[in-house]
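Notes for the one structure printed next.
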Amino acid sequence: YVAAVYEHESILSPSPAALVGRRSALELMGRNLDVYEQQVLAAARQGAQIIVFPEDGIHGFNFTRSSIYPYLDFVPHSGSGKWNPCREPYLFNDTEVVQCLSCMALKNKIFLVANLGTKQPCERTDPRCPADGRYQFNTNVALAADGTLLATYRKHNLYFEYAFDTPPEPDYAFFDTPFAGKFGMFTCFDILFFEPAVNLVRQYNLKQIVYPTAWMNQLPLLSAVEFQQAFATAFNVNILAANIHHPTLGMTGSGIYTPVKSFIYHNMESYGGKLIVAEIPVITTDYKTNLEKTPGRVEKGKEQSPPSFYAEMMYDNFTFVPVWGEKGEVRVCANTLCCYLNYQRAVLTDELYALGVFDGLHTVHGTYYVQACALVKCGGLSFSTCGQEVTDATTLIDFQLWANMSTPYIFPLLLTSGITLDFADHMGWKNNLYFLSKNRTSSGLLTAALYGRWYEKD
């Protein structure tokens, strides 16, 4: 099928904390919706059957609970496919934004997924009802090609979003299409947690995901395109991921991903939005190809590991060993996790690499348990630069990386120079170790990692 995602440079309110009326809120959102309309038309002309827009793309961000209120639409939750906002605008008050989106879908005969702020009055008898008598949700809507509201999803894992409430229960949101079956839906930070993202994919055996996001890139392990691809690979799904474009805030990185190929946009240099349109296969069966060949097992004690050192990476205290010379085998352990690396450089360059391990609770910008084994390019030639954000590299490496992971949820990361993606030759479980192997990266290696999420220990 043909899919489209739009990385949008949102027109932002100059003072999001200021209190404004509904009319001026609609005026600002209308400017963003005008851009959406042009992009829906452009995507439809290229044959797209579905288009996805980013999180916060219509209203922006940095609001307070009260300042966002005029920007919120009322959207009935559940989206049973009975209401067509474009054709029945009179059914509910304060639905201008969702009407506008519904009409775009209808006019261009395209499925459309967008993110907006919504409100829902609640009763004083509801123990969870906020003091102001309403819930405010960060919401995705999915609209059919005839404008019908198919599904809504209220973001569960909020990322410092004080204007919004967490829904009482996780939403498991999905909708049906004639061209690719069921699509699941979640938002941004949700991708790092079991609920609802992983549970949704597994419970309903979903193979297509739509993913609005407003993601701030963090190298070396959590760049947007890097993790979006890792999720597609780990769960054997297609992902249509739309990010917003604000390079000064570190925000860029959208794409259309299959488990074995990607069409991405990552641009921290220039301004303006970007439409990506790609034709991808509907996934019906599980790929089993990545387990054909398994690497030789390192004999314990055979490796002569150089001295280990500590450095901070992603705000976590990693234990590293330097990866010196043209080829070799090293290992490094922390807590119960041991990482092994077998490597050979194509040409000896003067770039320093290190193999790092972390097995513990990550506590900055969210709390979640990580088991990570990562081969990274250091920022310079001294150990203290390992773990820094690096975007360019020249070293081509053949490697086999493996680890005795305690969790089955492992995201394979493979990032190359210029924030481009590469794909492992083989990966999977062998002898209770999870491995990732690659012969000759396509360009200089930035990161090759096994990023494990041990959800039970969050």
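Even glycines carry a Cβ here, placed using N, Cα and C.
Annotation comment: TrEMBL describes 15-282 as domain 'CN hydrolase'. Among the features that TrEMBL reports, active site, proton acceptor is placed at Glu55. For Lys155, the entry in TrEMBL reads active site, proton donor. Per TrEMBL, the feature active site, nucleophile maps to Cys188.
Taking only the Cα positions, the spacing between the residue listed as 'active site, proton acceptor' and the residue listed as 'active site, nucleophile' is 7 angstrom.
The Cβ of the residue listed as 'active site, proton donor' has Glu55, Phe137, Asn138, Thr139, Asn140, Glu161, Phe164, Phe186, Thr187, Cys188, Phe189, Asp190 as same-chain neighbours under 8 Å, each 6 or more residues away in sequence. All chains included, 25 other C-beta atoms sit within 10 angstroms of the C-beta of Cys188 (active site, nucleophile). A simple way to gauge crowding: the CB of Glu55 (active site, proton acceptor) has 27 other CB atoms within 10 angstroms, across all the protein chains here.
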